[in-house]
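Below: one structure, written as structure tokens.
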Amino acid sequence: MNRAPLKRSRILHMALTGASDPSAEAEANGEKPFLLRALQIALVVSLYWVTSISMVFLNKYLLDSPSLRLDTPIFVTFYQCLVTTLLCKGLSALAACCPGAVDFPSLRLDLRVARSVLPLSVVFIGMITFNNLCLKYVGVAFYNVGRSLTTVFNVLLSYLLLKQTTSFYALLTCGIIIGGFWLGVDQEGAEGTLSWLGTVFGVLASLCVSLNAIYTTKVLPAVDGSIWRLTFYNNVNACILFLPLLLLLGELQALRDFAQLGSAHFWGMMTLGGLFGFAIGYVTGLQIKFTSPLTHNVSGTAKACAQTVLAVLYYEETKSFLWWTSNMMVLGGSSAYTWVRGWEMKKTPEEPSPKDSEKSAMGV
């Protein structure tokens, strides 16, 4: 199916607001029977949930396990980027050998393209590093609350960069999210489990997630619109930029002193973490392809709720009513924002006027 190219301003608008591309939805749905589409969607959503939740728990083990006692969060992140880079290169080579069996773009390291992707790579490094640092210092149960301000930053950046105002109802949902965030911080403090450092890392991770959406749309033309090429260059740049950080923060010395450095179990878990890091990008794309960005947001919110409950049960934690209320406020506010934006998209035309397009381009 031939698809008309999207303007950069429209792509950026979709990235920040969660709008869907009608042609993409039509292509994803096609003419398949309803039951087949429903089964595909159920399988893809389940795969996303299992991959995402497993990755969070595994990263928590690698970053803050009492039995592992490994205090090298930057190295863990670096290794996951290295695994992703090798997987991309391996799949590219496999696709060249078996073009009919494996569908993957050819990858060749071009320094000019790497330089073009560099601004995004810096944001990408911030996103994955702050994510892991947040997870290191806060519990899995509080992790979603600690990183709950992504929607708020999306609204803020939409105004600052796209000059796009947000409706009263959407702002109201953001207020609910912020209220839930502060109530969660208050309750973590009341229970004596609050880590201000982890909370700050969570806020920074939320900011980087929003910035990542902006820079992704700006950089995609440099890699011919290929998400896999962008993933490859992002992770190559990240591996290089992480090396001086490992030296400056003394993590290489800490790694040399690590008691389980020669353990096959340790390296197996590290590699599994890298595999999950690679897989989450793939299953996220699958979920958006078979549903829509808005449905993906709803699925992510529901997954966060299930992840919180699983974390409380797994770690045998006891939480207060107000703590649960803070989680429900964050998850409810996020769901309400998704619903409000979807409702507003249906009321207004998808295509902006030429004047709006010029204003959006100038904002970027």
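Along the chain as shown, the residues are counted starting at 1.
In case you wondered, yes, glycine gets a Cβ from its N, Cα and C as well.
So that you can see what the record holds, here are the features copied from Swiss-Prot:
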- 34-56: transmembrane segment (TRANSMEM)
- 76-98: transmembrane segment (TRANSMEM)
- 111-130: transmembrane segment (TRANSMEM)
- 140-162: transmembrane segment (TRANSMEM)
- 167-185: transmembrane segment (TRANSMEM)
- 195-214: transmembrane segment (TRANSMEM)
- 227-249: transmembrane segment (TRANSMEM)
- 264-286: transmembrane segment (TRANSMEM)
Inset, instruction - Sort out the residues at least 6 away from either end of the transmembrane segment (111-130), same chain, that have Cβ-Cβ distances under 8 Å to it, and list them. - result: 73-74, 77, 80-81, 201-202, 204-205, 208-209, 211-212, 215-216, 218-219, 222-223, 229-230, 233-234, 236-238, 241-242
Legend entry - Stretch in 34-56, 140-162, 195-214, 227-249 most in contact with the transmembrane segment (76-98), if contact is a CB pair under 8 A: 227-249
Legend entry - the transmembrane segment (195-214) in contact with the transmembrane segment (140-162), cutoff 8 A, at least 3 CB pairs, sep 6+: yes
Inset, instruction - Give the one range among 34-56, 140-162, 227-249 whose Cβ atoms make the most pairs under 8 Å with those of the transmembrane segment (264-286). - result: 34-56
Legend entry - Sequence-remote partners of the transmembrane segment (34-56) [C-beta within less than 8 Å, at least six residues beyond its ends]: 135, 140, 143, 273, 276-277, 279-280, 283-284, 286-287, 290-291, 299-300, 303, 306-307, 310
